[in-house]
Structures are given as C-alpha cells and as structure tokens.
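For reference, the structure is listed below as structure tokens.
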C-alpha cells in the first residue's frame, strides 16, 4: 500500500473522533447553546412568519397610525398604521435570506480563490491576492454602498454587495490554510505517486480549509445582516415598502424624539440580537476547534 493511501486512512480514522469531540464541547458551551436557541427562534419566525403575522406587512390603516404597543398591535404601528410585528416577521425572512445567500456565495468563491492561488503560487497567487488587497482597502460598508449605487437598489444588489465584501476574508484565510497544508507529508506523498493537481487540491488540501473558514462564515453572517441593514438605513438597499429591518429603523427615527420609540426600537433590537447570536456562534466554534486541535 502506498504512503499516500496509508496516510489517507490514518487521517480518515482520526477525523470522526475529532468531530465528535468538537460537537461534545460545543454542546457543553453555554454561549454556543444560547446562540443556537436565539438563532433557532429567528429561523422559526422566518419560516412561519406569514402564518404567525396577525396582519399583512403592507396593510395600511391611517386611523391606527403611530399606536403604542397594545394587545391589538403588540409592537405598535408605524406612520401608515402598519403593524410593526407583522413587518418584522417578513423582514427577518428577507434579511436571513440575504445573509445566508450572500455569505455562502462569498464562502464558495473565496475558498476557491484561496485554494487555487495558494496551491498554484507565483503569478496566480500575486494577482489574486492583490485584487483581494484592493477590496480589503475599502471599509465594508463603503464598498457595499458603492456597489449598490452602481447597480441600483434591490435584493440581488445587496446579495452581490455583501458577497464582494465577504470575499477577501474567505480568500485570505483559505490561502493561509493551503500554504500550511501543501507542504505536509501526505500531500508530498500524493504528488510523488502522480496525483493530479485537481485531485490534490480537492481531496487533500480543501478539507484543511474548512475549520478556519467555518468560523469566519458564522461571523460573516452577522456582518451581512449589519451591511444589509446599513444599506437600507442609508436608502440604497431594499426599496420601500418592502419590510427590511434597517429600513424600518430609518422610518422610525423621526418619531423617537417625540416619544414614539417603538417604531424604530423594536426593529433595531431584532438586528442587535441576531448579530450578537451569530458572533456568539462564531466565537464558540473558534474556541471549540482550538481546544480540539490542541488535543
């Protein structure tokens, strides 16, 4: 049996134990459990929002405008008499869809760029990393605003903007893992028996990029929510009257000074809690993987 096959078998025997150990540590982490519970509530609200919402999100009732929280409207109404709770339920669906879709695209493209540039090196690596450096030179929100202004408002505009914003981080972390893994003995053994570059990258090196990029994936989900909300807050994101958390905060700001705090505060709290939950999830995954790898 070749050295590459032997090393491959050893790695496969180790990995299940490490995965179960990481899962055990995660399930014993209060922070991780809290993050899962919070995110689970958000997912349930997003999935069943249309069935839970007591009103349509675009239902206007000028006779009920700017009403405080009450049994009829548990989070009050906005300036058009629209039920804030109902609009938040629909806004959660939209924001989660933007976050997961854009970060997943950024993850896939970023890992691919990092994998190819890190393994190929030379001109490919230099060109790819210089492009990533250019993207990293701009603050996330400014880059997203520039893209939104250039393309125009809309769902797919925000998806593209957040994808581009998240791309450099995934590419750099992935490349770093590739540079570390490609000099390992099992990769050298695979090269010595004539394995193709594609096989080596996909079979032997790509799995080594998963752990560090998964941590970044969770953290970027929170950032995606902030960027999407920020774009709508600034008027270059989701156009009205589509309910979006950042846009709802903007719409309610003018009423805060006059005491109608609920129009802006409730959507803002939903943004805060989901971002905190994603950050807690990312931090817990990082702590668990660090402990597992040290063992």
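Cβ coordinates are placed from backbone N, Cα and C, and glycine is handled just like the others.
Because TrEMBL annotations are produced automatically, they should be read as predictions rather than curated entries.
Positions annotated as domain 'ABC transmembrane type-1' by TrEMBL: 92-282.
As annotated by TrEMBL, transmembrane segment applies to 33-53 (among others).
Within its own chain, the transmembrane segment (96-120) has Cβ neighbours under 8 Å at 42-43, 46, 128-129, 132, 155, 158-179, 182, 197, 200-201, 205-206, 209, 213, 217, 220-221, 224-225, 228, counting only residues six or more beyond its boundaries. Look at TrEMBL and you will find 96-120 (among others) tagged as transmembrane segment.
If you look up TrEMBL, you'll see 141-165 (among others) marked as transmembrane segment. Long-range Cβ contacts of the transmembrane segment (141-165) within its own chain (Cβ-Cβ under 8 Å, at least 6 residues beyond either end) map to 94, 97-99, 101-103, 105-106, 109, 135, 223-224, 227-228, 230-231, 234, 236-239.
Annotation comment: TrEMBL describes 214-239 (among others) as transmembrane segment.
Summarising the annotation, TrEMBL assigns transmembrane segment to 259-278 (among others). Sequence-distant neighbours of the transmembrane segment (259-278) (same chain, 6+ residues past either end, Cβ-Cβ under 8 Å): 34-35, 38-39, 42, 66, 68-69, 75-76, 78-79, 84-85, 88, 91-92, 95, 218-219, 221-222, 225-226, 229, 245-246, 248-249, 251-253.
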